[in-house]
Amino acid sequence: MRAAVVTKDHKVSIEDKKLRALKPGEALVQTEYCGVCHTDLHVKNADFGDVTGVTLGHEGIGKVIEVAEDVESLKIGDRVSIAWMFESCGRCEYCTTGRETLCRSVKNAGYTVDGAMAEQVIVTADYAVKVPEKLDPAAASSITCAGVTTYKAVKVSNVKPGQWLGVFGIGGLGNLALQYAKNVMGAKIVAFDINDDKLAFAKELGADAIINSKDVDPVAEVMKLTDNKGLDATVVTSVAKTPFNQAVDVVKAGARVVAVGLPVDKMNLDIPRLVLDGIEVVGSLVGTRQDLREAFEFAAENKVTPKVQLRKLEEINDIFEEMENGTITGRMVIKF
């Protein structure tokens with residue numbers, strides 16, 4: 001079967017891989033779609049360590065074509081996800097308290113185990129979340145990581161209906177954060193980016209205000225918008241350092257800043273302001289299986305609509321180049 005495999009020179013090669021036989025608790029999935037995430041770019045570039053030889057992909061959707069004898073949670077024909085959180089231990093303090101993504105023994109698709117950019121994938125059956133029948137599978141691929149990640153981040157922000165939430169970076173993650181916050185949580189949205197096309201897209205999605213933080217002072221604009229109060233919360237999906245610092249600058253006292261994007265850099269934090277204004281800066285890592293079920297359902301109800309563009313597996317290196325150049329709006333999705 002064909003698979004997108006990381007090479008030593010930080011490229012991706014389309015190779016023929018042979019799968020082993022299923023072990024107890026596993027299922028075999030015929031891949032239909034796999035979204036391309038910025039985390040895939042980090043993995044390819046060895047930003048998190050060298051994983052030469054691994055098959056990329058953690059936004060996979062496909063149909064079960066075989067199950068191990070002991071599997072009861074899935075059956076042949078089920079449409080399921082192949083997500084970043086491929087498997088956790090199920091026993092540690094994190095797994096037993098609803099925080100399974102923080103498990104220290106977690107396995108991640110397309111990073112520590114082979115992922116979904118392949119014609120077939122072996123999955124741990126209990127971690128393959130079923131996709132609602134009325135949800136388009138290509139759109140579901142984007143929800144499998146980008147969607148659940150931003151849905152969880154918006155939940156972590158604690159934003160309430162009618163409050164102001166700032167979304168920094170209106171790319172594959174940010175456009176979904178905007179939709180979950182606006183259409184599910186009932187928040188008012190300020191979209192921040194340095195690309196006018198992406199900001200226009202944010203406006204189409206229902207953003208209440210858009211700010212090009214390259215052309216204007218985002219703090220001054222927010223203060224005008226909120227009667228000098230600041231935003232109630234921010235979610236940062238950007239992959240550059242500057243927006244993370246700006247996300248702290250634009251919030252009010254008692255606000256929460258949720259970090260989601262993964263720039264290879266460090267934030268500059270004004271510690272006195274954090275302390276004196278009681279500002280919380282927290283990280284949010286993808287989402288649990290339950291978060292993914294909820295994220296799928298909201299998408300199936302048309303409250304969230306991922307913008308996807310179908311591509312071929314052979315275009316994967318071109319997609320990564322476009323990603324590095326910042327020219328992608330929405331999500332590139334490989335069709336198998």
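In case you wondered, yes, glycine gets a Cβ from its N, Cα and C as well.
According to Swiss-Prot, the Zn(2+) 1 binding site annotation covers CYS37, HIS58, CYS145. As annotated by Swiss-Prot, Zn(2+) 2 binding site applies to CYS89, CYS92, CYS95, CYS103, with the evidence given as similarity to another entry.
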> Hey, how far is CYS145 (Zn(2+) 1 binding site) from CYS103 (Zn(2+) 2 binding site), Cα to Cα, in Å?
Replying inline: 17
> When a 10 Å sphere is centred on the Cβ of CYS145 (Zn(2+) 1 binding site), how many other Cβ atoms does it contain?
Replying inline: 35
> When you average the Cβ positions of CYS37, HIS58, CYS145 for the Zn(2+) 1 site, which other residues in that chain have a Cβ within 8 Å of that mean position?
Replying inline: GLY35, THR39, ASP40, GLY57, GLU59, ALA83, TRP84, ALA109, GLY110, THR144, ALA146, THR149
>> Whole-number answer please: how many Å between the C-alpha atoms of CYS95 (Zn(2+) 2 binding site) and HIS58 (Zn(2+) 1 binding site)?
In response: 20
>> By the count of other Cβ atoms within 10 Å, pick out the sparsest of the binding-site residues CYS37, CYS89, CYS95, CYS103.
In response: CYS89
> Are there any residues in the same chain, six or more apart in sequence, whose C-beta is under 8 angstroms from the C-beta of CYS92 (Zn(2+) 2 binding site), and if so which?
Replying inline: CYS103, ARG104, SER105
> Can you list the residues of the same chain, besides CYS89, CYS92, CYS95, CYS103, whose Cβ falls within 8 Å of the Zn(2+) 2 site's Cβ centroid?
Replying inline: SER88, GLY90, ARG91, GLU93, TYR94, THR96, GLU100, ARG104, SER105, VAL106
> How big is the gap, in Å, between the Cα of CYS37 (Zn(2+) 1 binding site) and that of CYS89 (Zn(2+) 2 binding site), rounded to a whole number?
Replying inline: 25
> Roughly how many Å separate the Cα of CYS89 (Zn(2+) 2 binding site) from that of HIS58 (Zn(2+) 1 binding site), to the nearest whole number?
Replying inline: 19
> How many neighbouring Cβ atoms, not counting its own, are there within 10 Å of the Cβ of HIS58 (Zn(2+) 1 binding site)?
Replying inline: 27
>> For CYS92 (Zn(2+) 2 binding site), which of the three DSSP-derived states applies: helix, strand, or coil?
In response: coil
> What three-state secondary structure does DSSP assign to CYS145 (Zn(2+) 1 binding site)?
Replying inline: helix
